[in-house]
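Visitor: Sharing a structure, written as structure tokens. Questions coming.
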Amino acid sequence: MKASSGKPREFRPAVLLLILGLLLRDSRGSSIQGFLADVEVHGSSRLTRTHTLRYNVRAHSLEGSEKTQLLVLIYVDEELFLKYNGDSRETEPLGCWIKGHGGNETCARETNNLLKVEEKLRGMMAEVINQKSQEEGLHTLQATLGCELLSNGSTRGFWHLGYDGQNFLTFDQKTLTWTVDGPSTQQNKMFWKTHAPRADLVKTFLDDICPAHLQRYLASLRNGLQDTGPPMVTVTCRNYPVGRVTLTCRAFNLYTREATLVWLQDGKPVQQKTFRSETILPSGDGTYQARVSIRVLPGQEPQFSCNLRHGNHSIMQTAVSGHAAEDSQDVASSATASAGSALPVVLAVALARAN
């Protein structure tokens, strides 16, 4: 694609706002909001950290082509849980909790709504390209919007619009105005004074609608994952021929991305690790896991225990009970090693018979 002339980009990203309006209209008819509204609320919970709900909307188009691709990604606490891809023209639920809460029916409705959006998008993208009068090439409209629930109960929202990978507009919640990112012509500024979306509607979505649906999601997620049972803690002990002993504490079936594992010696903390969203590991079934290890002198194992603090749970596991688990793991490893050593012999016999 040829380099641009360097002139300020004259386009109307308000077109993308029309797309978002189709996606984020009131919960009765909305695909995304309808999905969140369908999740049943079984009580509320006290927030222990900041939670986020984020929508990424991207529209791709080749100038001169009627083909337009729409990709909608929805994240909760930075985890992707719903995706619509214009190539497959289907909505895909991500995460076991969705499949357990009518995910298939939800996806069918999502797909039907987003197909209609994609049809409208073709004409909208053509309008943007014509207004820009740029040279041929791939162009992208993108939007990032959503909200945060803070641990103190307050909320804040965000809404950014961009074109070809660069931010163009940002909504300011304090002044309830749209600000143009980067240099812009007076013509562009005047255009937004006339055509920008109504600030009161944007404010309602960021302040009320988005946080309410995020609250519903968090409540449903918590209740759904608690059905899998309480968290579990195991302690293993690995002995080495010479040197120290490694004790490893593992926590499973965690239903949020926050936990604290503490090693205690004779009941007193000696090592503590707090896991947050960026350090805890997903288990692949909608729950999370974490582990922490400590090295001790041989014979000190009975002095140590591991404590998990997770939500309302506090679980203690002693190091002595981990020997059995480690022994069984060693047996399994030995069996695997034996099978592996026998494999070349089996292959040799099979090849000899084949010849």
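Just so it is clear, glycine is given a Cβ too, placed from its N, Cα and C backbone atoms.
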Visitor: Disulfide-wise, see what Swiss-Prot says Cys210 is paired with, picking from Cys107, Cys147, Cys306.
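Guide: Disulfide mapping in Swiss-Prot sends Cys210 to Cys147.
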Visitor: Please identify the range among 30-35, 324-329, 330-335 that Swiss-Prot labels region 'Connecting peptide'.
Guide: 324-329
Visitor: Cys249 pairs with which of Cys237, Cys306 in a disulfide, per Swiss-Prot?
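Guide: Disulfide pairing in Swiss-Prot: Cys249 with Cys306.
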Visitor: Report the DSSP secondary-structure composition of the region 'Alpha-3' (230-323) as helix, strand and coil residue counts.
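Guide: Going through the region 'Alpha-3' (230-323) residue by residue, I get 5 helix, 56 strand, 33 coil.
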Visitor: Over the span of the region 'Alpha-3' (230-323), how high is the average pLDDT in this prediction?
Guide: 83
Visitor: Please work out the number of neighbouring Cβ atoms within 10 Å of the Cβ of Cys306 (disulfide bond), leaving out its own Cβ.
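Guide: Excluding its own Cβ, the number within 10 Å is 26.
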Visitor: Could you round the CA separation between Cys306 (disulfide bond) and Asn152 (N-linked glycosylation site) to a whole angstrom and send it over?
Guide: 30
Visitor: Using C-alpha positions only, work out which of the disulfide-bonded residues Cys147, Cys210, Cys249 is nearest to Asn312 (N-linked glycosylation site).
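Guide: Smallest Cα separation from Asn312 (N-linked glycosylation site) among Cys147, Cys210, Cys249: Cys249.
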